[in-house]
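What follows is a short report on a single structure.
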């Protein structure tokens with residue numbers, strides 16, 4: 001009997017019963033996702049069955065012949081249907097003629113038996129290479145004996161000088177060894193490179209510093225792990241230092257603006273011309289507006305911090321408990337690695353199928369008289385299906401990580417005796433995900449896909465019509481992209497909390513999202529405190545890791561006098577450091593968010609009385625007790641804080 005068959009039926013009561021019920025959720029969405037994945041597999045199978053895989057790996061010439069095998073004649077195309085068994089490599093007559101718009105090499109391609117290993121400067125050199133190696137670098141119409149005598153050689157032979165080439169591993173294409181051949185293409189990708197010599201120095205700098213780069217990447221990994229431990233112990237100090245700096249910064253900025261305005265008013269204007277007087281008047285008016293705006297901003301900021309000062313203590317407590325979670329669940333630290341590994345495997349598969357799709361179809365003669373492979377009819381929309389698959393499956397993998405982390409943290413939180421935790425809570429969470437909640441993950445990731453795909457389409461349209469549309473259309477387009485981005489972020493946050501609710505109560509996605517939304521609205525100020533103070537703390541941690549790694553890189557690269565070669569190694573190291581720090585600290589942020597929802601549910605439905613004991617950690621209990629004492633001292637329980645902290649059953653117990 002499968003997991004779903006042995007599960008209890010889903011409870012219709014709207015009560016939170018942590019870890020009690022286990023039922024399969026959103027099964028229709030799981031079936032839909034499986035069907036979609038089968039469709040992705042059929043696209044791959046179709047591409048391979050139509051011979052596209054052979055064209056991708058072995059390569060094909062401009063006449064539709066696949067290199068290294070016998071070919072079938074294409075109707076109406078000369079030089080097609082040749083036996084090229086001994087010619088296994090694709091050679092481009094103009095390998096450096098790169099079309100940046102179409103992202104391909106604009107050149108006649110022929111199949112050759114060997115790539116030129118030395119630079120060839122004349123037709124005589126090409127003829128000698130053909131006679132020596134048996135590899136004809138000109139088009140099939142010309143025999144080697146005609147290279148130096150036939151007038152067609154200017155068009156049908158390679159452009160001189162022919163660069164030294166080497167075959168690309170596994171893909172049988174002759175590629176120039178000297179990267180300066182692609183200087184123009186590299187300039188389009190790397191805008192700060194103005195000539196190929198600079199690019200060559202940058203690449204050589206990376207190659208000579210590869211050991212240092214590897215060591216710095218490992219350093220960023222270690223620093224990220226250390227930071228996750230440190231945050232637990234310095235969260236209280238870091239939060240209050242951050243608060244003081246924000247207050248002093250806003251007050252100082254406002255004071256400076258008012259001081260500049262007062263100084264401008266007292267300045268002597270007797271010696272100024274009429275034009276200078278007008279400029280001085282405009283400056284005073286601008287400074288007055290800036291000072292008033294800064295004052296309003298500072299007052300609002302101080303009021304917000306005054307209202308949220310108590311909730312900052314909850315953020316500190318949650319960060320402290322999150323540190324304990326990682327002590328009891330050390331495998332959480334490695335969760336980003338498994339997710340990244342799964343994404344890399346899927347992306348490799350997706351790119352491979354995409355490349356195969358690029359060579360799928362029937363041979364068609366283009367405007368230049370050469371062969372292109374195009375898909376006709378409804379099958380040409382396979383690209384769109386494949387694109388949706390990229391987004392949906394990628395989001396599905398990320399959602400599986402969120403559900404796994406949520407399940408493990410929920411198990412930790414709602415287990416009163418921590419020594420009774422499962423031997424491997426992470427694996428237990430993965431097991432529950434596979435058995436019960438894959439449908440919920442599929443539905444949540446599909447909702448994100450529905451928002452992300454239109455945003456990607458609008459961004460593509462924006463890049464294609466950039467500089468051509470009017471100001472109004474550009475503004476509307478950017479506004480739509482911005483709105484979709486905001487909606488995507490909000491849905492992502494709601495999805496994460498919905499997965500937590502599913503891990504607690506084993507309800508379907510919509511029910512979990514509604515329940516989580518209600519809890520978040522009831523604790524809106526706390527959510528704001530955690531998502532501002534907490535996120536900024538984690539951002540500072542990321543900045544610290546990147547800066548530390550960059551500083552270590554500068555010290556290690558200091559022996560090099562050519563400072564130009566510093567650029568690319570440092571950029572690579574800093575980007576990798578930020579990626580690693582983001583992966584690790586985003587897991588920390590995810591744990592804090594899950595703990596907060598568990599705490600809010602625990603605080604709402606339990607009050608510490610017999611039969612309704614808290615599940616929360618001692619640190620969180622102290623926060624609740626301190627909050628209740630503060631309410632009693634204030635002499636009122638009906639304010640916003642009182643309503644937020646008041647347990648659901650306290651009214652019944654008081655009566």
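Our numbering is plain: 1 for the first residue shown, then up by one each step along the chain.
Placed from the backbone N, Cα and C atoms, the Cβ positions cover glycine too.
What TrEMBL says about a protein is an automatic prediction, not a curated fact.
Summarising the annotation, TrEMBL assigns transmembrane segment to 27-49 (among others). Remote same-chain residues near the transmembrane segment (27-49) are listed as 4, 349, 353, 356-357, 360, 379, 382, 385-386, 389, 392-393, 396, 438-440, 442-443, 446, 509 (criterion: CB distance under 8 Å, separation of at least six residues from the stretch ends).
Taken from TrEMBL, the feature transmembrane segment applies to 212-231 (among others). For the transmembrane segment (212-231), the list of distant contacts is 206, 238, 319, 323, 326, 333, 537-538, 541, 544-546, 548-549, 552-553, 556-557, 569, 572-573, 576-577, 580-581, 583-585, 588: same-chain residues at least six beyond its ends, Cβ to Cβ under 8 Å.
Per TrEMBL, transmembrane segment is recorded for 237-261 (among others). Beyond its flanks by at least six residues, the transmembrane segment (237-261) meets 231, 284, 287-288, 290-291, 294-295, 297-298, 301-302, 305, 312, 315-316, 533, 536-537, 540 of its own chain at Cβ-Cβ distances under 8 Å.
Packing against the transmembrane segment (287-306) from elsewhere in the chain are residues 243, 246-247, 250-251, 253-254, 257-258, 260-261, 264: each is 6 or more residues past its ends and has a CB under 8 Å from a CB in it. Feature annotation from TrEMBL assigns transmembrane segment to 287-306 (among others).
Within its own chain, the transmembrane segment (312-333) has Cβ neighbours under 8 Å at 225, 228-229, 231-233, 235-236, 239, 243, 405, 408-409, 412, 418, 421, 424-426, 526, 529-530, 533-534, 537, 584, 587-588, 591-592, 595-596, 599, 617, 619-620, 622-623, 626, counting only residues six or more beyond its boundaries. Marked as transmembrane segment by TrEMBL: 312-333 (among others).
The transmembrane segment feature in TrEMBL is assigned to 340-361 (among others).
The feature transmembrane segment is assigned by TrEMBL to 381-414 (among others).
Nonlocal intrachain contacts for the transmembrane segment (536-557), taken as residues 6+ away from its ends with a CB within less than 8 angstroms of a stretch CB, comprise 209, 212, 215-216, 219-220, 223-224, 227, 231, 235, 238-239, 242, 319, 566, 569-570, 573-574, 577-578, 580-582, 585-586, 588-589. As annotated by TrEMBL, transmembrane segment applies to 536-557 (among others).
For 563-585 (among others), the entry in TrEMBL reads transmembrane segment.
Taken from TrEMBL, the feature compositional bias 'Basic and acidic residues' applies to 631-646.
Taken from TrEMBL, the feature region 'Disordered' covers 631-655.
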